[in-house]
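Now, the feature entries from TrEMBL:
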- 80-89: compositional bias 'Basic residues' (COMPBIAS)
- 185-194: compositional bias 'Acidic residues' (COMPBIAS)
- 9-79: domain 'HMG box' (DOMAIN)
- 93-161: domain 'HMG box' (DOMAIN)
- 75-98: region 'Disordered' (REGION)
- 174-194: region 'Disordered' (REGION)
Amino acid sequence: MGKRDQLKPKVNVSSYIHFLLNYRNKFKEQQPNTYLGFKEFSRKCSEKWRSISKHEKAKYEALAKLDKARYQEEMMNYSGRRKKRRKRDPHAPRRPPSSFLLFCQDHYAQLKSENPSWSVVQVAKASGKMWSAKTDVDKQPYEQRAALLRAKYQEELSVYRNQFNPPKKRLQESAMNQCRGFEQAESDTSDGSN
């Protein structure tokens, strides 16, 4: 198989995760035969986390800092593969927004001016509630605009594919189309002879 890839370093965890792991081990030691579901155990852990003192939390925060330093050091020495993001072709047309996104674009400024302290997330949630409260008739103009933009996008995409398609792919496609045409013509003659 060749040279074996170096294992990627384990990601650092937060102070809460360090607390959760410690709490789970203590819980297993104290009550080995007790089973708690994930939801129940998570609830108990979060209640306990909120109730402990800042001094106790500082211990877990120190562990998290050490773990983060370990991770950063290991990543500096890591020579394995790193995920590379595929670059977007600048010539490719952009996908059109959905009817909901068009609605959000129209109402964002209004919501933001009415509620200047809101974050983008809060405005998006309010837009979502407004959209779901709309009737199909009220949504119609946005759906029509979205359909027009989709049609325009499909046209631009076909032009882009014809213009920027590599010659090798174009040759393969034309060969495939010729084969399909040959198969179609063959099936037409066999149908006519019977």
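Glycine is treated like the rest: Cβ placed from N, Cα and C.
Looking just at the domain 'HMG box' (9-79), the mean pLDDT is 88. Sorting each residue of the domain 'HMG box' (9-79) by its DSSP state yields 54 helix, 0 strand, 17 coil.
Across the compositional bias 'Basic residues' (80-89), DSSP helix (H, G, I), strand (E, B) and coil residues number 0 helix, 0 strand, 10 coil.
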